[in-house]
């Protein structure tokens, strides 16, 4: 349809307005083509006649429908124009408090001037991994898009942040860098962002200054590259700076300041270390006082200086370098105070010993005379010779300022280079994301070279932006196969050519700088001649020949030519730089190492901003000619080159744009100035993006979205199975002009305004349907109401008529009675009234006559006094007239005399002019005369002033005197009158006194008579009343006491109940908190344990290198390993610090002491890993050497076969000797049964320690015997095999090496016996040994023994050194603790008394808590030691009992070999099965493998009884307990726990596996409790089950280990189900329309959201319910405890509710009435699922309460105060921030809905201000509720359990 057809009555339009930029209006009648006037109605109630432009006849812009206002993306608006953009931004910013808005690919950020809680880590996690269009606009969304594209496309990214000063560019860049540091997952490298932020204070101090627009304005641009490695983790950063405003160093405008660092130095001048700088107040220096505003309100420069110094320290700048920087800055300030004296017009000089210059030279360590000379002279070099020429005062001043700016720029450059060195990383950079923080388009009243460069840079950036937008549009059209027509968009290439092309402005400027006599005027003329009337973008001002105008993309800017040449040259005198280079101050020459190319011998001043680049690490080498050419580079040339490099960098990356807008110039929070906003929107290219989008097809819909939205416009016959064809058919009917839309592959493209037209048709159709429905319903309701009213009216009439008849009869009776009463009453009233009137008349007459008499007296008195006053007044008037006349006469005389004096003065001046030659000869005399004349004039003026003051004082004195005289006379008259009146009064008083006395006597007599009459009566009445009162009081007291007793009893009962309930709740909360903390620690421990296992596996792979020869094993290895594993499993709290941690998404809070221990242990493990790596390398070398040796000689070692068989004999012989000692121990233990028996210091404990000492001594003796006998064996072997002497010696060497490797004494003894038995047969048959030969061999053996003892001694020495080192560490920690205590004490002393007491109490509590924890750890260690010793005693007792049976004292070695002793097992014959399973020790690994490692959960869950593995394991434990085999129990339990951990580590992402082992672990734990023998667990057992209880071992510790393991499995189960549910929740709960047609799809912009229409592959609510059913069925099949299932379901529902609510709070399009209905329906489906599964009492429904209340909040009325009260009472599970956020985000989908007003939101905030809740906006979706495992005994009898053959456990037998 035509655009003019939309201008109908009630259509809303935008008209220009000088104040509000654009104003909304409404058409009062339809527009017809040809109309010249539009009748409009404004929003303020006024009517307006709007005249159309007769030339263009353009109609005003149409306003978008209300449902499109406040959109996230401006391109989603149907009408794309400037007023629509401005209004949308204003509504989002003011009404919704949303500062971010998309405009296509641009993020528009408006500075709120207020801290907002939208940048926390929870918000970062919410945006991480999300598509850019799926969430509300945010800087994190742009950062996530850049990070995702970098990782996905392997292409570098750039984020271009631009805007005016104070718009928030730096803050936006900082938040982007924080996001990268958080999501990159590199915890170790995240400090790069901290380093960049740490550089902010110093960069702000040296690069920021106060301007009229911003108190902290950045006066330079910067580009920060954040480097990433191949795993996309931050590894480093680099900063590039642009256009430092050097001119600010020497000049500041009014109300502005120099750079902050100068004022910080002046504020800190009194510090001791700064006294050498000789600084003072900022107003004492020329460079800091020009702006007249040295102080910023609310900023303490001294504190800022401390932060700057701290930042320097963090950046690695040493104290010496810091003082060097401050010396240079102070020297610049003193240089600005250097003054020059003119000798003549062409030369100047500096006064001798000039203090500022002297201080400057002292600080810079340069020669005073040399610097003084070159500040006043310059060197001119010609072809033949060099001249030194003096310069004028003005030139010297300019040269001084140029030097100051040059020094400051070099210092700035040096600091930037140092920051880059700190941020540089040695790791190779794989990719980077650049953040460009650069100034926006600038235009002021006076624009110079700085604004020209800034606007030139913005032209280049705008061109790159336009091309990128155009490219994206073209790609979208080509992707959808839409016919591409060239969109006419603004190309600013002509403007760029005007600036940078050949003979452009910069080219002509550089050429003019090369001219010897080039000036700004000649350059301006060249510009006019070259470009005026030839380039449309170049203009000349009408009234100026020293300015030019350029038409930029944003606006026309007029530049003043003055100063362009000087600022472009930017040079200083070479001789001054040479003086500085010769300085003895080491830091100063460093600043000028690369200064040659910036120095020109010509005299010029430097001004403006200059480009700063990083100093290269190595100077480039080139030809001398090239260096000379480098000297001539101007600022414009350098800036153009650097800008080209920046554009190349940006073009090589994928750009992302952030445009920062400054809403007002006064920094008011959430205040929007339309004029300033439009100006910035035009300048930053946002409107250009809108224009490009509007030129094509800005509105884009998928076919499914279009069908869903506009289904109401279709008839049933129009709906086809194919959506695309259906949409085509409908559009052809609705929109006749086919150019208004295009059909793509997946989308429909609409021209601007067509969506609004379709929305109008849809709204009209819905409105007509609503009217029809309303008509029918209202008719039915009114008919029903009418019938009800008729029936009610008849009934009412019947009752009313009867009532009226009764009332009438009653009225007649009352009327008659009233007539009689009135008759008598009227008579009484009239008689009483007559008496009152008569009495009143008499009284009035008496008072009136007295009043008239008094008035006559007063009148006579007033007339007498008036005569007196007239007399005195007339006299005063006469005197006043006389004085005024005299004053006028004197004034006339003065005027006449002054006139005569002036005439005389003129004559004198005429005479003075005639003697001009005489004045030239006596200039000094004339000056003195003039000075004397001035002094005389000043003295005359002073004299006149004094005379005037004297005259005034005299007049005042005279007037005061007259006034006092008149007052005195008046007082005298009044005194006389008072005396006369006093006499009269006295006489009257005497008469009155007599009358009073008579009256008093009469009254006294009367009173005495009355008192006597009344006294008796009163006494009688009072007696009666007193008795009645006492009786009443007694009754009241009795009732009050009874009532009080009842109330007190009731209150006490209620108070006790409340206290009991509160204490119970508090205890439950404390228990849950403690349980949560413990389980978090357990979770952390599991992570550390996994990391430790990974490290252990890595170390095992590194250490396990294959070695030659037969591998020797120790039979005690398995038992030792199991003991170690047992101890590691039991002492979990001790082993926590011995593991390292993998970075994870979820970070649980830990105690600081635990955290420090973990850090220390991680460091130790790293060192241990390095040592093991070195050991591995050393062993590899040994292996290579041994391989080389083995190639030369054969291996002749054969002692391994006999070694295993003879170990037992040694054990038997050793155990036989220990038998008696153990019997003594048994007796000692049996004598005392108290728990203190085995405590340290007890008798049994001492006996045990003595026996252990004796055993160690015995082992030492045996060790020596082993060495001696080994030497004998070697000699025997030599005697038997004399021919193989060489091989024998080799064998002995190898054996000695093995001995050295044996660390345990028992191993040495066993090796000795094995070797002795191996060589016994050969020794029997050998020849007799030679005595001398034996002695020699014994000597050699003793030498080897000595070496072995020496190695052991060294190992002991190392252990002692380690212990000493540990003690030193403890001493150091105690010292640190002492220092910390002293610091805390010092801090507490500085606090006020109340805070000091509180701090001391807090510290004491912390100290006692830590001591308590340490003591608990020690106690646990001692308990474990006691338990371990007990178990060792049991093991020894058992072994001794076994050895007594087969012990033989006198048996030959040959018999031992032929008939080895084997342990005798006596089988028990049981009639019935005892519920135990027997297995052999060597089958343990096989049992664990078949039952745990290789078990398939699905098969077990389907075919077998639930928890079968747990029952089997427990029955095995029962048998080991029955045998009293401590080692077997320990080994089995440890292997079981470790195997379960291995399975979960291997298949931890499989829900079935984790659920299966959680169920079996809990069942195993319940079995250990049920059959533990404790009464609390046995009460649910049968008698048969009680017989199966454990008899020998207390496994309470293992129950705790299993409980901890179950907690870890539960947490892993929660993580698994969270990962499965996470992708489904948002799509199923929010995006999918479960109730079809309720919420239509709104138009979307370029950032398309995830479609809410159910397509293939998308998740729905049914998907979530199916997944929940799957989880529930799996857990039930595995036999999980019902209470545990409830806890899992509660956790699942919490995750669903938290994720849904978090996304709702971050998505504006989801906050609508219809979406609230969808959410409530989805929640009801979840509740129905709970009811079906009988889980309503699990607490899962309560976790959805915040989501339910949020959905209700979307649906309730939001208008009146009552609605606000209802909302506050309803939303008790939501925080205040969440309620306000939902109300701000509420967006109508249809025109029938209304937005929430700002006043209503403020009402809500006022009502909720007293609510104390968390300020956090989002819920913690990672929170895990603490889990409990209630005891659930099994009714299954153990003896009835059958082992299926499918498990492969045939080696197990039932007992």
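Backbone N, Cα and C atoms are what each Cβ position is placed from, and that goes for glycine too.
Those TrEMBL annotations? Automatic predictions, nothing curated.
Positions annotated as domain 'Myosin N-terminal SH3-like' by TrEMBL: 8-60.
Annotated domain 'Myosin motor' per TrEMBL: 69-763, in sequence order.
Positions annotated as ATP binding site by TrEMBL: 163, 164, 165, 166, 167, 168, 169, 170.
Here TrEMBL flags 598-634 (among others) as region 'Disordered'.
The compositional bias 'Polar residues' feature in TrEMBL is assigned to 600-613 (among others).
Long-range Cβ contacts of the region 'Actin-binding' (643-665) within its own chain (Cβ-Cβ under 8 Å, at least 6 residues beyond either end) map to 89, 93, 103, 105-113, 139, 142, 145-146, 149, 153, 155-169, 172, 176, 213, 223, 240, 242, 434, 436, 440, 456-457, 460-461, 464-465, 468, 671-673, 676-677, 680-681, 684-686. The region 'Actin-binding' annotation in TrEMBL covers 643-665.
Annotation comment: TrEMBL describes 915-1105 (among others) as coiled coil.
For 1106-1147 (among others), the entry in TrEMBL reads region 'Disordered'.
Annotated compositional bias 'Polar residues' per TrEMBL: 1116-1130 (among others), in sequence order.
If you look up TrEMBL, you'll see 1136-1147 marked as compositional bias 'Basic and acidic residues'.
The predicted model assigns the coiled coil (1155-1231) a mean pLDDT of 55. Per TrEMBL, the feature coiled coil maps to 1155-1231 (among others).
What TrEMBL records for 1339-1439 (among others) is coiled coil.
Residues annotated as domain 'Dilute' in TrEMBL: 1534-1810.
Apart from the site residues 163, 164, 165, 166, 167, 168, 169, 170, the chain places the Cβ of 111, 214, 440, 660, 662 no farther than 8 Å from the centroid of the site's Cβ atoms, the recorded ATP location.
Within its own chain, residue 166 (ATP binding site) has 111, 213, 214, 217, 662, 667 as residues 6 or more apart in sequence whose C-beta sits under 8 angstroms from its own. By the criterion of other Cβ atoms within 10 Å of the residue's own Cβ, the least surrounded of the binding-site residues 164, 165, 167 is 165. Over all protein chains present, the Cβ of residue 169 (ATP binding site) has 27 other Cβ atoms lying within 10 Å. Here the Cβ of residue 168 (ATP binding site) has 23 other Cβ atoms within 10 Å, regardless of which shown protein chain they belong to. Counting residue by residue with DSSP, the region 'Actin-binding' (643-665) contains 9 helix, 8 strand, 6 coil.
Neighbours of residue 163 (ATP binding site), defined as other CB atoms within 10 A of its CB across all chains, total 26.
Proximity of residue 170 (ATP binding site) to non-local residues of its own chain (separation of 6 or more, Cβ distance below 8 Å) is seen for 200, 218, 437, given in sequence order.
Across the range of the domain 'Myosin N-terminal SH3-like' (8-60), the DSSP-based residue counts are 0 helix, 24 strand, 29 coil.
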